Ligand SMILES: Cc1cc2nc3c(=O)[nH]c(=O)nc-3n(C[C@H](O)[C@H](O)[C@H](O)COP(=O)(O)O)c2cc1C
């Protein structure tokens, strides 16, 4: 395996360990809906079909970015892609860097011919290789949009990580200008606050995936893979680096109401999805929760999707929300209303 593939394989193994999930959680337990014991709707009438990138999808959540080019990445991607196709929910690919560098076939369209599939490259790779890399990432999988990930802390902890981020914003702007599919910019678990979001909006970005703190902890994962004692001591100060998903969402939504936000980072069930929607997200993403099922089978991923959907349905029923537009107005418990 190449270095990138070894790294990816390590990431998959480590992401499954609970010790590399954020110790504090994403803060979802601090936000509570006011229960509505008179829902005045029937569970079966709850609807959460959503529009995403001008297409109708079955639910407001997607499979978050995980795998690209490592040896079991293909099997994981097949299970995720077949499930995305069957359930009509979008799927975000993990970084395509290794596959593009090694010229590997990317077969995702064989398994998901009509699902929404998002391509993925790192911001610093884009800075180095420019629009050509972005186009190859999109064309190789007929992607409906390209996700560019921002991961400066992860790069710092990786021994060979990119330290020069001077031209990243310009590269993103150029890509948003010239690419013939939408560009989505995401973090990987430390979140993105209003200042960065405004810069991205000015650069022409319309979709942001915030990937806040509270789920998969990349500092912890990279730290366990790498480093001399000195490097580990430096990095250990940043283990809890980031902003909680539930705190960022209302802040960025208030700062940039015209932008489309994907709530992610520590989203673990359908109730968390409902909270993200209530706090301003149009779409949500879960990455790590789909990893264990994806190692088993397509059916296991489909089962996980259907459980998450049922949890969302219950959350909507219990708040008397027949549609997502009702959920967006659902009452939060008083102490939370005062803050949001
Ligand atoms: C095994 C694994 C690999 C990942 N690889 C990528 C990647 O290649 N590109 C990317 O943008 N995000 C990647 N992520 C980050 C996720 O997309 C997500 O932003 C982050 O894990 C927070 O979501 P979670 O708490 O639901 O896992 C990866 C996550 C996991 C668990």
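In case you wondered, yes, glycine gets a Cβ from its N, Cα and C as well.
Note: TrEMBL annotation is automatic and uncurated.
Note that the structure is predicted; figures quoted are calculated from it, not measured.
TrEMBL names 65, 66, 67, 95, 120, 216, 266, 267, 268, 287, 288 as FMN ligands; from the candidate set 178, 186, 323, the record adds 186 to that same site. Taking only the Cα positions, the spacing between residue 267 (FMN binding site) and residue 154 (substrate binding site) is 20 angstrom. Taking a Cβ cut-off of under 6 Å from any atom of ligand 1, the binding-site residues 154, 216, 287 reduce to 216, 287.
Secondary structure at residue 67 (FMN binding site), taken from DSSP and collapsed to helix, strand or coil, is coil. In this structure, the C-alpha atom of residue 67 (FMN binding site) lies 7 angstrom from that of residue 8 (substrate binding site). Overall, the recorded FMN-binding residues 65, 66, 67, 95, 120, 186, 216, 266, 267, 268, 287, 288 cover a maximum inter-Cα distance of 22 Å.
There are 25 other Cβ atoms within 10 Å of the Cβ belonging to residue 65 (FMN binding site).
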